[in-house]
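I have placed the structure first, in the form of C-alpha cells, so that the comments after it can refer back to it.
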Amino acid sequence: MPPRLASVKIPYDWGRKGPFRFWRIFCQSRAVGWFLAAACGRAGRFRTQPAEWPTPDAVFSPLGLALFQDRHDGASNGTARLPQLGTVGQSPYTSAPPLSHTPNADFQPPYFPPPYQPIYPQSQDPYSHVNDPYSLNPLHAQPQPQHPGWPGQRQSQESGLLHTHRGLPHQLSGLDPRRDYRRHEDLLHGPHGLGSGLGDLPIHSLPHAIEDVPHVEDPGINIPDQTVIKKGPVSLSKSNSNAVSSIPINKDNLFGGVVNPNEVFCSVPGRLSLLSSTSKYKVTVAEVQRRLSPPECLNASLLGGVLRRAKSKNGGRSLREKLDKIGLNLPAGRRKAANVTLLTSLVEGEAVHLARDFGYVCETEFPAKAVAEFLNRQHSDPNEQVTRKNMLLATKQICKEFTDLLAQDRSPLGNSRPNPILEPGIQSCLTHFNLISHGFGSPAVCAAVTALQNYLTEALKAMDKMYLSNNPNSHTDNSAKSSDKEEKHRK
C-alpha cells in the first residue's frame, strides 16, 4: 500500500459526519423505508395475511450503522463480521435474533409458538377414571415429536405457568379425541362413575336420561300439536312412569311443554265496558296458545296489545320470557299471518260477552213484526199471496237447517275443548272462523239468523191475516167448523 494511503485513518464515526452522512439520512428516511419494505414483500397489499409494516428505523438504521462500523473494525483482516449488529440495536431491539455467517455450535433457532389453544390438564378432567370408548388404539397412534426448538429450561418454566406439559400431544385440546362430545353430570349418579349409574337403566332409556326434563305434574292433559309449544324428550324414570304413561306422546317421543292449559295466564280489563261497570276477563294459557298459533300467529307487539301490557323498552323481551316459563315459544321478529281487525284486540271472554249481548238485543229489540207488516203491504196482490207464503216457509226451513248446523259447532273457546260432533272437514272451517273472530263469529251469526227467523214468523202471521181479510167466507166457514168441533168435544 502506498505510504500516502497507509497514513489515512478512517474515523470511527464516519457514518455520523462526513461524506457518508447522506447515506445515514437516506437509510433513515421513512419514505424510502416504506418503498423498500413494499418491494421486499414485507407489507404486501394483496397477501392473505399481511404482516405488520416495520418502521424504517428498525430496518435500516442498525444496518447502516453496523455496515460502517464493520468496515472500521474489519479493515485489517478483510472479513465482514456482522454479529456486532446485535450490540448496536440492543436497547430498542433486544428481541431481534443475532445474525452470523459463521457456524456456531450453540446456535438455537428462535421459537415461534403455535396458535393459542386452550389446554386442559389431565388432572382436572373429571372423567379421567372412565374408560374412553372413543379413544384411539395406542398401537396405531402416531406419537408427534416435540418441536426441535423447544429448550428444556423454557419447557419447565412454561409448564409451571400452564400447569401442564406441552410435550404430550394427547393432552392438547386440538388433539383430544373426546372434544366432540360431552358427558352429562346426570349420568354420574355415584362416586363410581358410569358403573352404578347406567347399570340400572335400560338401553332404550339412555337418550332420555341425558337431558334435564322437569317432571310432569298433571297426567290428564291433552294438548294439540302446535308449533308454538316447546317440546322436549320425556324422562322415563320410575317416579313418574305412571304420570307419563297417560300423556299422549307422538312418534318422536315428544310432548307439549304446556303443563296446564287451563291455568290463568293473566287478567285483562275489558275494552268495551263503561267506567262504571269495568270487568276483567281471565286469559288462560290455552287462549294465549291460540293467539300465537295459526291462523293469526300474532307477534309480540300485537299480543301485548291484546293482553293490555304497557309499552316499555324491553316489553317484547319480558313477554317472551314469561311465555317461555309456561312452555310457549314466541320468536323475535315474527310477522302476523292474518289481517288485524277490531276483533283482534278482544280477548275471548269479552268477544263472547259481546256476542251474547248482541244476541239478546236481536232477540228483544229487533222490530221483526213492523218489518214483516211493511213488506207484506208491498205484496198485497191476492194472486201472489199463496206463492209468497210458500217462499217464506221454504226460507224459514233453510234458516232452521243453518242454525242447527251452527249449534253443533264445537270450536275450542276459553278453557273448554268439547268433543267434535260434525265431520272434521266442516268443523275445521268453523274453527278457523271462530279463531279469527276470537269466539264472536258463530254466536253473532246465530243471533242474526234468529232475528231473520223472527221476521219470517211475523211475515207468515201477517199474510194469514191478509188472507182472512180478503176472504171473509172462508173465515165464517172456519169459525163454523171450529164451533162444531167444540160442541162435539163437549158432548
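Residue positions begin at 1 at the first shown residue.
Cβ coordinates are placed from backbone N, Cα and C, and glycine is handled just like the others.
Per Swiss-Prot, the feature region 'Disordered' maps to 74-161 (among others).
What Swiss-Prot records for 111-116 is motif 'PPxY motif'.
The compositional bias 'Low complexity' annotation in Swiss-Prot covers 119-128 (among others).
Taken from Swiss-Prot, the feature compositional bias 'Low complexity' covers 142-155 (among others).
Swiss-Prot lists K231 (among others) with the feature SUMO2 cross-link.
Sequence annotations record features per position, and here Swiss-Prot assigns SUMO2 cross-link to K238 (among others) based on similarity to another entry.
What Swiss-Prot records for S293 is phosphoserine, and it gives similarity to another entry as the kind of evidence.
Swiss-Prot lists 334-464 with the feature region 'H-S-H (helix-span-helix), dimerization'.
The region 'Disordered' annotation in Swiss-Prot covers 468-491 (among others).
Secondary structure at S293 (phosphoserine), as computed by DSSP, is coil. Summarised as a single figure, the pLDDT of the motif 'PPxY motif' (111-116) averages 62.
There are 18 other CB atoms within 10 A of the CB of S293 (phosphoserine), with all protein chains counted.
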